[in-house]
Amino acid sequence: MRLGLVIDLDTCVGCHACAVACKQWNTSGTTGPLTDIAAYGAEPSGVWFNRIRHYEVGDYPNNKTVNMPMSCMHCEDADCVTVCPTGASYKRKEDGIVLVDQDKCMGCNLCAWACPYGARELDPVDGVMKKCTLCIDRIYDETLEPEDRQPACVITCPAHARFFGDLDDPDSQVSRLTRERAGQTLMPELGYKPTNTYLPPRVTRPVPTDDVRRKSLISSVKEWVNQAIVR
Amino acid sequence: MHPALSVIFFTVLSGAGYGLFMLVAVLHLTGSYPDASSGELQTQLAVALVLITIGLLSSSLHLHNPRNAWRAFMRVRTSWLSREAVLAVAFYPFALWYAWEVRATGGDVGQAGMIMGVIAVLLAGLTVFSTGMIYASLKTIRQWHTALTPANYLLLGLALGGLALVAIHGWFVGDDPLLGGIAIALLVLAAIMKGIYFLWIREVTGPTINTATGFTRAPVRILDPGHTAGTFLTREFGFDPGRQVIQRARLGVFALGFALPILLLAWVLSGAPAHWLTLALISALAGIGLERWLFFAEARHAVMLYHGRQHT
């Protein structure tokens, strides 16, 4: 089993709801707290498992805004695990989730150095490394309704841009989406084989505008009258 | 990369200590140490062990949870940091046994002491190599992910050790053509290696903002990093002193680290008082310290691509 996320860059609106839901769930979960520093100060900072960045792709007028949520990719060849000297970082055999055992971590930062995706953040108060757990305390919780056994970020996404599932199962929704939408991984050239997959924006036909009628004298007068009546 | 002072102290001091230990032990064990008095050998080995110990203690200062530092010996199979820790600790019993034999026998060590010395030299070399490999094994930083990194760590450690060796020898006996020659040769080799390194990292390779975001068919620019103030990532990986500072620091590395010590060494060998070698050592320590700072300041982590860098 290879559990991971599939994120649709076509529908992601960049609202940061996934990051907030993640922070809310995990700060009170098994890996919490996600310490904040000067939360109400001039320069608020803190630990987040999920961050959303916004990019402009292409040059005007053929440009497009792309919102890119990023959390741990739960890589198959996770260097953060191999460089860890204490054995605090580990990858679960049964489902591929990469975790940190906070009781073993000595806070040397080396795993964060080895991660190109910025998935690991040191909690300066606890002195240990923290990262996305794929909401392991949710997805296996049998007291929850089956539809709730998903990561908090997936459940909360208002644009349905996030999907959770087993990428080893060719018939799962995430595998199907990856196949049909030509899902891609980030920085594949580094060879970490990330599990999380991103669906690129769909190539859509441009909306035709040449048949839009030009303004005539009558339509201008009508428009003016309509506006005057509304006022 | 953010240059942590504790790591700079650790790598420079312990590198110099291991270099000094290796050179003293090899010269002593092969019988080519000039005017080897027991007191001088003991001092040399003691200085080496003190430098190594200060370095190792300082390395624990950058840990945020040092209570778990003992666990660093647990993952020798995969982690270079773990290997370094194990080798650094394994070095002590052999080195202390050898140093104790030197003290007990006045320099005329027996077979067991010689074997201990050889093993200690090997462990010292492997420890410095492992330190370099911690950095060289990171695929995320192209400036470090090269064979030149462990080579630099080894050569700079040996060069500092060579200078410490002649400087201490200068206080006990005076200048010596063999030790001076070794020190100059090591400094020249290290300077050439550092030059190759600077040339090597000029070539831009590796991931770009395009492969990082997956959009390889159009230019990509950052609109917003998603946070208003600094994060762990920007503080740890976003350090960039600017082109000008880096150029000046490189000049400083070559001037203080290599040129001045070589000139002072040549001057002493041609007749000046041997006490000037201490100045050469201080200058080299400052220069290599600057080199270690630069090693971090010039490193560009791949995660900065997500924060708007076009390439690393």
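Cβ coordinates are placed from backbone N, Cα and C, and glycine is handled just like the others.
Remember, TrEMBL labels are computer predictions, not curated facts.
Straight from TrEMBL, the features:
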- B:7-29: transmembrane segment (TRANSMEM)
- B:41-59: transmembrane segment (TRANSMEM)
- B:80-100: transmembrane segment (TRANSMEM)
- B:112-138: transmembrane segment (TRANSMEM)
- B:150-172: transmembrane segment (TRANSMEM)
- B:178-200: transmembrane segment (TRANSMEM)
- B:251-270: transmembrane segment (TRANSMEM)
- B:276-295: transmembrane segment (TRANSMEM)
For the transmembrane segment (B:276-295) and the transmembrane segment (B:80-100), decide whether they are in contact, meaning at least 3 CB pairs lie under 8 A, counting pairs 6 or more apart in sequence. no
Tertiary contacts of the transmembrane segment (B:251-270), as residues 6+ beyond its ends and Cβ separation under 8 Å: 163, 166, 170, 175, 177, 180, 183-184, 187-188, 190-191, 194, 276-277, 279-281, 283-284, 286-288, 290-291, 294
Most Cβ pairs under 8 Å to the transmembrane segment (B:178-200), of B:7-29, B:80-100, B:112-138, B:150-172, goes to B:150-172
For the transmembrane segment (B:150-172), the candidate among B:7-29, B:80-100, B:112-138 having the most Cβ pairs under 8 Å is B:7-29
